[in-house]
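Quick look at what TrEMBL lists:
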SIGNAL    1-21  signal peptide
DOMAIN    93-127  domain 'EGF-like'
DISULFID  C117-C126  disulfide bond
DOMAIN    132-189  domain 'Sushi'
DISULFID  C160-C187  disulfide bond
DOMAIN    257-313  domain 'Sushi'
DOMAIN    387-441  domain 'Sushi'
DOMAIN    460-527  domain 'Sushi'
DOMAIN    547-799  domain 'Peptidase S1'
Amino acid sequence: MRVRSVFFLLLIFNLITITIARRCSPSFESCPCGKTGIDVHIEIKRCSSYKFGVPCRPCEPYFRSQLCSHFENCTNCQDLQKGGCSECGPNKYGKFCQKDCGCLNGGTCTKKGSCTCKSGFVGNHCQTKKVLDCGQPTELINGKMVLTNTTEGGVATYSCPENYLLYGPKIRTCSDTGQWSGFTPTCEYTCPVPQQSDHMIVDIDYVSFMLGDLSSDIQIVRTANFKCEEGFGLVGHDTLNCLPGGIWNGEQPICVQSCEKPFNVDHGDMIGSHFLQGSIVQFKCHQTYRLIGAHTIICDKGYWTDSSPICEPEPKCPELKIKYGEVHYKGNRMIGTEAIILCDTNYALSGSRIRMCEVIVINDKREMIWSGEEASCTYEDQEDYDTKCYTDEPENGYLVESGDLDDRVIYECNDGYYLKGERDNFCVDGNWMKEIPLCIKVITCPDLVAPKGCSRCFGKQCSTSEIPTIADCVPRISDVHIPNDRFPNGTVIEFINNPVLYSLYGSRRRTCQNDGKWSGPETVCEQMCGKPSSSVLKRNKLENPQGQAAVRGQWPWQASIYWKIDEHYVLKCGGFLIYDQWIVTDAHCLKNARSENPKEEDVRVSLGHVEKQDVKATYLQVDTFYTHPDYKHETYESDIALIRLKKTVEFNRWIRPVCLPNKATSHILQEKGNLPFPESSNMTGIEGIVTGWGGSLPHLKMTKVRIIDQEVCRQFYREQGIDYMVSDNHFCARTVVSKGSDVCSGDSGGPLLIQDKKGRWQVIGMVSWGTFACNSTIGDMDVYIRVQNFIEWIEYITQLQAPP
């Protein structure tokens, strides 16, 4: 009974307390939210145990320090005690950030207590460092690479051999991103600067490599030009090119004392073109002129042994005049000329009938006189005298009336026969003055005109003789007169070609034979194409063209096409020279889809150099563009164009045209095994050289590629969704070695070349489009224009024929 009473009293008390608590308003306790500098306001509920007006107190006792300690690890807090921390500091989680994640190496804690690891670390607590492998760095061409390892922190150190300079970073490091720092450097060959010898002026063409933020720029020696001080002449080559390996392609020239060029001789020729110490120069006057002075002069210690001679007209005897008669001269009234005096009918001659032109010296002066007595014609009745001369036609010949005097006859011979003796004869007092000539059978050949591009001379050694004249070399038959357009049996004609401009095929030397025909096949002089200078070929052998820099003159038809952009000319594409005024390039180098098409005056062409920014290069002005009418930029169909230059270019060691494939030729005469490859259809397997300006290096480069099957190429691009772009006017090729230098962006318009059986380089393709991977590693292939298909169009535009 007492227990029940106590329970009842407690229940009443609680009800009273709850009632009073509801009447108490809460209080708030402020606690700092970690180290944010912001306070958290925590609500504290208050209660009262008495029914009437007793002050409210916290319903549950607490210590402020204990309450605030919950928020010490918070970086963001909520205002309610039950909410706790909304964000925790490093390595903490939980309602009040009192739990430790244990994340290591900079890992961060999630709200659930797991670790999010920093790059390069793995594990529940990021305790394990992840090993990153940057892979094998690209090997250094022509140089050496020392590698510590390929994982993070690994170092690749590059160095070049003697006569090579490093272009690019010397050290590359494997970074925590799994990539090697910087770019792959290259070893660029350079030659030592030639020593400047006595009286020599050396001009070095440097190639500058801008290294950006690397240590410094480098300058590479590629070409040396030589000239001599005034009064000295150069012996040797005036230009040397640096070859791969850092050696010059010839001996350094020297300067020797020279003489000034002798004055030209009017009405004469100077024989000799060298004016160095010991050089000999000869002089010869033209016909009807005689030489006054030294015939030969020698250069000795900077001076000629004699001054240049003069050629003055040969002195002549005065013209003879005779009344009632006439004078016939056998010559031009110079020394040795005969004058024959004839009187009219019924007039008799007194004095000398034949007089000779002679020279006499009177008081140290030369005078020209006629020998014999002065002649005159006087009237005399000769009706009683028979003064007529009678003659028969010469055997194998006939007579021609003189047309002026009855007492003069002219003899001619039948075809194949030629006069031996005088052609004309005179009747004097019933007697012929000269013997009747004979008609001698002589085997002759017709005149051989030198073909265009060549000259001719006579005699077996005439091309090397100092004075190659017809008179010195053509066989002579005493007193037999042969016309200038016929040449007797035994005559030798030699044809001479300019080796820079023309090639000579057929017979260089031809002889008039016993059958009246010239020996040997017909001589043909063909415009030189596809052949670098022989001096360049001797000093620059094509051994390993894979990614090598070209030397000057090695590909003398290579052109560079520049656009004018913001007042500067920027290299846009390559091209190649086919004639002295015509360049072939890609149509997309002159037109594009964005209509950024330059005008003719904003395009320049440069020839004869191998550096992109050669300060000595000459920019050639453009006259007209011709893009193929079927060209479509979207598909690169018929991607070919012609550029006509304003002026023709002169061919030399550095500038020459390349050969085009001839439409009459059915096969390319390059063999793979024993099989020739058709020129116009399947060329699979043919290997050739591509030259171009692409890539980051500042010079012309070359690489060897192999033509691949057309369907294989189409499949390659079909996988990339663009197979429709490989048409029958294209073919494809790839580099012949893995990880080899390949076609790059900027190579467009560059020729793909092969050699024919004559050793001439012939362009069969032109870089059009492709992957342009530069350094091929997975068999990338690029697309070329099939030049053979456009020969007729080229000939139509240029009105020229492709050389055979």
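Cβ from N, Cα, C; glycine included.
Source: prediction; values computed, not measured.
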Completion exercise
Of the listed stretches 93-127, 132-189, 257-313, 387-441, the one with the highest count of C-beta pairs below 8 angstroms to the domain 'Peptidase S1' (547-799) is 132-189
Exercise for the section: Write out how many residues of the domain 'Sushi' (257-313) are helix, how many strand and how many coil, based on DSSP. Expected result: 0 helix, 28 strand, 29 coil
Exercise for the section: Indicate whether C187 (disulfide bond) is helix, strand or coil by DSSP. Expected result: strand
Exercise for the section: Pull the DSSP breakdown for the domain 'Sushi' (387-441) and write it out as helix, strand, coil residue counts. Expected result: 0 helix, 26 strand, 29 coil
Practice task
For C126 (disulfide bond) and C160 (disulfide bond), determine the Cα separation and express it in whole Å.
Solution key: 43
Completion exercise
DSSP tally for the domain 'EGF-like' (93-127), helix/strand/coil in that order, comes to 0 helix, 9 strand, 26 coil
Handout entry: Other CB atoms, at most 10 A from the CB of C126 (disulfide bond)
Key = 22
Problem - Same-chain residue ranges lying at least 6 outside the domain 'EGF-like' (93-127) that approach it to Cβ under 8 Å - result: 70-71, 73-74, 84-85, 152, 176
Exercise for the section: Could you measure between C187 (disulfide bond) and C117 (disulfide bond) for me? Cα positions, answer in whole angstrom. Expected result: 42
Fill in the blank from the handout: Same-chain residues at least 6 positions away from C117 (disulfide bond) with a Cβ under 8 Å from its Cβ, in sequence order, are C103, N105, G107, G123, C126
Fill in the blank from the handout: CB contacts under 8 angstroms to C160 (disulfide bond), restricted to the same chain and 6+ apart in sequence, sorted by sequence, are L140, N142, G143, K144, L166, C187
